[in-house]
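Following: one structure in structure tokens, then a few remarks.
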Amino acid sequence: MGDERPHYYGKHGTPQKYDPTFKGPIYNRGCTDIICCVFLLLAIVGYVAVGIIAWTHGDPRKVIYPTDSRGEFCGQKGTKNENKPYLFYFNIVKCASPLVLLEFQCPTPQICVEKCPDRYLTYLNARSSRDFEYYKQFCVPGFKNNKGVAEVLQDGDCPAVLIPSKPLARRCFPAIHAYKGVLMVGNETTYEDGHGSRKNITDLVEGAKKANGVLEARQLAMRIFEDYTVSWYWIIIGLVIAMAMSLLFIILLRFLAGIMVWVMIIMVILVLGYGIFHCYMEYSRLRGEAGSDVSLVDLGFQTDFRVYLHLRQTWLAFMIILSILEVIIILLLIFLRKRILIAIALIKEASRAVGYVMCSLLYPLVTFFLLCLCIAYWASTAVFLSTSNEAVYKIFDDSPCPFTAKTCNPETFPSSNESRQCPNARCQFAFYGGESGYHRALLGLQIFNAFMFFWLANFVLALGQVTLAGAFASYYWALRKPDDLPAFPLFSAFGRALRYHTGSLAFGALILAIVQIIRVILEYLDQRLKAAENKFAKCLMTCLKCCFWCLEKFIKFLNRNAYIMIAIYGTNFCTSARNAFFLLMRNIIRVAVLDKVTDFLFLLGKLLIVGSVGILAFFFFTHRIRIVQDTAPPLNYYWVPILTVIVGSYLIAHGFFSVYGMCVDTLFLCFLEDLERNDGSAERPYFMSSTLKKLLNKTNKKAAES
């Protein structure tokens, strides 16, 4: 290695020279990347202005309440429709028109009603009976029965027929049900359309599907919501258990790092082994059972995931996946056993550092709070922007009309030329839009909103990384630990980051935000091109998405190490990124093995916590723990709380381990700098711990003499 060093250094910069005044993070530093700091402040001012404009023009009621043909809200308090929460379609069959997909509005009159119709009636029959008072509530407001039947139906004052309906998403849909495989409304398989002819119930089904294309998705969402309402208490208990396990693991790492790492490795192997055994037992148990040999391909997608657990092929797939993971982990442990010892020494050192800076374990809460603020501002601004359009009215006509889909004014339409040429046409509320400059810029404002979210979120993450790196670097470069540590290393690092390096953090976050917004645009274009048959375009899009994904991962890695250099030396972003990159390239073998081995060990720790809590949740929610068998709530889909607990447990474990991860990365870079700066002599002693020196066969001469 020593023979290669001069040539290797020439390609990737020169090693750090010994500096007798260097004692860790530099305190006398200046502001860096001031221009980027100014740009960030201006962008935040612009972002606030966009939010104010959106909140001024936006109206979230458009998302919550349905609107009638006049653009008035149904069920909103303080309006004339306060007691009319449901939207009623005069002729829902019209919703099957392709115009719905273009205008997002059914070409039929719509009014707000107190309740959906519960009986079958035609206007022709109800007009001359006592049912007319009931029927009239489904006519346009202010309707007076002083017209002929044909004129009333032609003007769209009343629906031709009422069909028993049920409310769904505040809209009235036909109460269609199946009896012995036959679709029916009430006791009928056909209905009279009010014009003297009878139509099939399937016409209503098509109209209802187009009027609410997410019917099945909403039903699935409602079942999932029901599961959450009865299981949220147990989900929280599961997450608390995950938090307690993570905290206990971190505390044990502080005192028993080496033992805990080996216990963690063995436990992961045992957990995977038990998973393989359980899958095999289930696979064997299903042998010979009726329907268990159906293939996953033949079964297709099912919303009830319990169906898959009755198939042998499902458990075979699980067993193969777990076996592959088990073999990979065992092989990695065999070939990397020597490097694992050094990685354990780094983790031990990180445990000591975290022990001296215990408040660092609470810093993820600060990052979480700031990220929640970013998400809340972005989401609220997006909602207000999307609802800041004005009511647009368009011409609808069942018969051919040259003015169909043209904009109109409902107040002047009755006396307009369009009304005279198309007597059956109606000027009806179509959607929310607008023709002003602000409305034309809405798409751009939404993109700006998303871009600022990425920029600010990455800035918050960068601030956390620089803060933790500064605190842990103070620990490493303290020759006499903990005597040479500053009083409040975390708060000092946080203050330095905000005071001197806001611009550098903004620069790194900006680069990452640009790549991320490009990835979002590529995803949007990919969705638009899915229907296209151009194979070249699809291939190009896939390549671009892959390249930008790799670029984002590389930039995140480079930024992380650049922030460590910023925390230590106080240099600007570009200089820090270059120095960090060259330092890592000069020690590429150690980076590829040591740093990644520690990441792998932390991943095993997360898997141990997530796997343990996930298995416990699985046995609890599937009523397999006899002691609490009657306590577990009945569920539509038991995978809902299980997946929630698993994902939540991973996020909690990741939050705790991220502090350790940043500590290890910081100590690793400091360790590499230490090897380049110092040689172990009395004048240039190593700052690394005695354990690391022993593993690397390094000694401080002064210590050896004593």
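Residue numbers in this text run from 1 along the chain shown.
Cβ coordinates are placed from backbone N, Cα and C, and glycine is handled just like the others.
Straight from Swiss-Prot, the features:
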type     : residues : note
CARBOHYD : Asn187   : N-linked glycosylation site
CARBOHYD : Asn200   : N-linked glycosylation site
CARBOHYD : Asn417   : N-linked glycosylation site
MOD_RES  : Thr14    : phosphothreonine
TOPO_DOM : 1-33     : topological domain 'Cytoplasmic'
TOPO_DOM : 55-232   : topological domain 'Extracellular'
TOPO_DOM : 278-315  : topological domain 'Extracellular'
TOPO_DOM : 337-364  : topological domain 'Cytoplasmic'
TOPO_DOM : 386-457  : topological domain 'Extracellular'
TOPO_DOM : 481-504  : topological domain 'Cytoplasmic'
TOPO_DOM : 526-563  : topological domain 'Extracellular'
TOPO_DOM : 585-599  : topological domain 'Cytoplasmic'
TOPO_DOM : 621-638  : topological domain 'Extracellular'
TOPO_DOM : 660-706  : topological domain 'Cytoplasmic'
TRANSMEM : 34-54    : transmembrane segment
TRANSMEM : 233-253  : transmembrane segment
TRANSMEM : 257-277  : transmembrane segment
TRANSMEM : 316-336  : transmembrane segment
TRANSMEM : 365-385  : transmembrane segment
TRANSMEM : 458-480  : transmembrane segment
TRANSMEM : 505-525  : transmembrane segment
TRANSMEM : 564-584  : transmembrane segment
TRANSMEM : 600-620  : transmembrane segment
TRANSMEM : 639-659  : transmembrane segment
Asn417 (N-linked glycosylation site): secondary structure state under DSSP, collapsed to three categories: helix
Per Cβ pairs under 8 Å, the stretch of 233-253, 257-277, 564-584, 600-620 packing most closely against the transmembrane segment (316-336): 257-277
The transmembrane segment (564-584) versus listed stretches 233-253, 257-277, 458-480, 600-620: most Cβ pairs under 8 Å: 458-480
Stretch-averaged pLDDT - the topological domain 'Extracellular' (621-638): 78
Cβ neighbour count (within 10 Å, all chains shown) around Asn417 (N-linked glycosylation site): 8
The transmembrane segment (257-277) in contact with the transmembrane segment (600-620), cutoff 8 A, at least 3 CB pairs, sep 6+: yes
Same-chain residues near the topological domain 'Cytoplasmic' (481-504), Cβ under 8 Å, at least 6 residues beyond its ends: 23, 25, 27, 29-38, 40, 352, 356-357, 359-360, 363, 463, 466-471, 474-475, 566-567, 570, 572-573, 576
Which of 233-253, 365-385, 600-620 contacts the transmembrane segment (639-659) most, counting Cβ pairs under 8 Å: 233-253
Long-range neighbours of the transmembrane segment (365-385), counting only residues six or more past its ends (CB under 8 A): 50-51, 54-55, 57-60, 63, 442, 445-446, 449-450, 452-453, 456-457, 460-461, 463-464, 655
Close approaches to the topological domain 'Extracellular' (526-563) from elsewhere in its chain (Cβ under 8 angstroms; 6 or more beyond its ends): 462, 465-466, 469, 505, 508, 511-512, 515-516, 518-519, 573, 576-577, 580-581, 584, 665, 669
